[in-house]
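Here the structure is laid out as structure tokens; the discussion comes afterwards.
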Amino acid sequence: MPRLALSPEFPAELSALAPPVRRDVVTSVRRFLQNVSGAPHPERVRGARDDRVATLRLADRYRGVVVRQRDVYWLLTVLSDADAWSYAQRYRFGVNRALGVVEVWDAAALERVEPAIRRAAGACTARLFADICDTDLASLGIDHRFLPLLRQIADELTLEALEPLLPPTQYAPLAALARGESVAGAWRELDLCRAVTPAAGDGEPTGSGGSAEPVEPVVDPDDLTTALLRSPDRAVFVDGPRELNHVLDAPEWCVFLHPPQHRLARGGPYDRPVLVTGGAGTGKTLIALHRAAHLARGGAGQVLLVTFSQGLISDLSAKLDLLIEDEVVRKRIEVGNVDRLAHRIVSDAEGRSPVLVGAAELTALWREAESDHGPAFLLREWEQVILAQNLRTLDEYLAVPRPGRAVELSAEQRADVWRAVGHVTGRLAERGKRTLLQLAAEAATLLGRSTGDLLEEAEPGREPYRHIVVDEAQDLHPTQWRLLRAAVPYAPDDLFIVGDPHQRIFDTRVALGSVGIDAIQRRLQVSYRLPQEILSWGVRLRGGGPADGLVAGVQELYGFRATRHGPRPMVRAYDSPEDELNGLVTHVSQWLEDGVRPEEVGVAARTAELVRDARAALRDSGVRVTTLHGMKGLEFRRAAVIGVADGIVPAPGSLTPAEEDPAARAHDLQRERGLLYVACTRAHELLYVSYSGRASPFLPT
Ligand SMILES: Nc1ncnc2c1ncn2[C@@H]1O[C@H](COP(=O)(O)OP(=O)(O)OP(=O)(O)O)[C@@H](O)[C@H]1O
């Protein structure tokens, strides 16, 4: 029986074929896999640069291209006869000597550019890699067949021009050396291309975040099967028709993970909590989903996948349904948010649903307290200082620092605040009402009574969870973190957290260490969603320096990059709000005429009023119109952000007056910037931004 591995291009090319051809191709692949009569035979390709390359006739005038070694077939693509033959002649395939992963070389293109590189080299004496000896290059896995050409490269620009023709495992260490990094630095770059080796088993130390160092693979360059198993971004083995259908039908992200994603999602067990940070579109949510699935497959107990909003709960649940075929495994994962968890714990303990206080009633209570400070100040002080640090007594409150609060408070003033808080919490208790944060604090206290270190039970109950995976972690309040910490026993693989401090849209700046979560940190640098043009523009928009929160200290956006190019964001100025709405309608209608599906379009604005107007203007179009907050965690092919005008973004009502607290105002401004940045980083193809009147001060000039 042949063993079949598929590359990610194969399902992508297949879906572009006409339905009858597609059907024939799938039937042929199924026959091939099962080795039954009518199965296609490998046919050698004249002029192929790699003699292991063959084609399979999969439909009338369509062929698959395979790399064959003994009974293993790596099915790369499906193309019309002529295209398949030229594809088969163009590439050669190898195994990286350092990492043992497969490499695809655009051999024909390299041969074409070689004379030009040699000519350029003849005109100067400089050589980019003159100081690096062959042994060092070999230790970095540089292919010996590439060495003669490599030695001719005179400058960094020439190397950059070669990037599309080289395997990433060759380019990454060379680019690092060219930037002046040491061999060790180049090795670190190369190491990012390493995934977890399935043959090693998930429990084996992999260097992916657990306590152990990477285990150097023993590389046999002639062993294609092991190399394919080590390359989850390039190949997946299918054992039967069911698996074949899953790979062909599921979205690419379900099946093919990039090496850094694979290492994080499948690595471990991690003896400490793991925190993965990364910019917009680096795949954090995908990693969280794959990690939850991996833990559920492990079967140690129930997994809670935490996200932010109700909408994202449905979104992630639907994605898990796509990712996990086995119902038993799927049922081990619950998707929820912290508010829901707190609500359930308190309801279960009290035997009835807790009643929440509304914003207006709460403001009235703060007024009633007759403090020297206004309701907004008191609420922030209560949430960001008192609840955040879990302060129980006035003495504790008098003694603590108040991070993020610039206005100094004297002991008397603190006593006044404490009295006001006492008044409000007392009244709430009388009325049997609570805020969401109070609910979370109570739930944490309730759980704290019943959980300790790892439960020894053979069948752990639903609560506490055995694993908690947290997405959109940047917006959780310390009280909510305490609840999550209390909801999972201290054990390997207890907490796996992903987030982006630059996308924070609420007032929570918490370093995990301060809430008892001593996490191993990993950082993702490559956005797979954004083209470089939207990414660079977004980074300039986000500006304002680094972000704090989640990690100790601050994180820069430095090093955040994209893998592809696309159009620059379109920024349009209009004379009036009416013109702006008309402009929106014109653009969105054009996109739909271009063939973009309505669900692939997202439109956002800062105010509810603008959202209402845009919805009315775009009624019946089927596109999604939401607030900037509502864009969190979503992804569209094309996105429009309207009303990015002075006086709307930042929203004046959401800014603390400078005279009340300048530091709070600075934080508010940064939060508003973050909000716009989130909305402007949702599109993977095209971003349209508009305003009427004066542009928002946040827009890059
Ligand atoms: N392995 C992959 N295969 C296919 N597509 C991928 C892969 N990884 C990332 N992507 C693309 O990048 C997009 C972004 O992934 P994801 O939503 O997980 O990023 P994120 O870091 O959570 O983003 P954000 O923080 O902006 O919400 C995916 O929807 C997908 O289009």
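From the backbone N, Cα and C atoms, a Cβ is placed for every residue, glycine too.
Residues or ranges marked as ATP binding site by TrEMBL: Gly278, Gly279, Ala280, Gly281, Thr282, Gly283, Lys284, Thr285. Per TrEMBL, the feature domain 'UvrD-like helicase ATP-binding' maps to 257-537. Summarising the annotation, TrEMBL assigns region 'Disordered' to 198-217.
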If you count other Cβ atoms within 10 Å of each one's Cβ, which of the binding-site residues Gly278, Gly279, Gly281, Gly283 has the most?
Gly279
Please list the binding-site residues from Gly279, Ala280, Thr282, Gly283 whose Cβ falls under 6 Å of any atom in ligand 1.
Ala280, Thr282, Gly283
Beyond the listed site residues Gly278, Gly279, Ala280, Gly281, Thr282, Gly283, Lys284, Thr285, identify every same-chain residue whose Cβ lies within 8 Å of the center of their Cβ atoms for the ATP site.
Asp500, Leu524, Ser527, Tyr528, Arg529
Restricting attention to the domain 'UvrD-like helicase ATP-binding' (257-537), give the mean pLDDT.
89
For the binding-site residues listed here (Thr282, Thr285), which one has the lowest count of neighbouring CB atoms within 10 Å of its own CB?
Thr285
Cβ contacts of Ala280 (ATP binding site) (under 8 Å, same chain, 6 or more positions away)
Asp500, His502, Gln503, Ser527, Arg529, Leu530, Leu535, Gly538, Tyr677, Val678, Thr681, Arg682
In DSSP terms, helix, strand or coil for Gly278 (ATP binding site)?
strand
Cβ neighbours within the same chain of Lys284 (ATP binding site) - under 8 Å, at least six residues apart
Val276, Thr277, Gly278, Asp471, Val498, Gly499, Asp500, Leu524
DSSP three-state assignment (helix, strand or coil) for Gly283 (ATP binding site):
coil
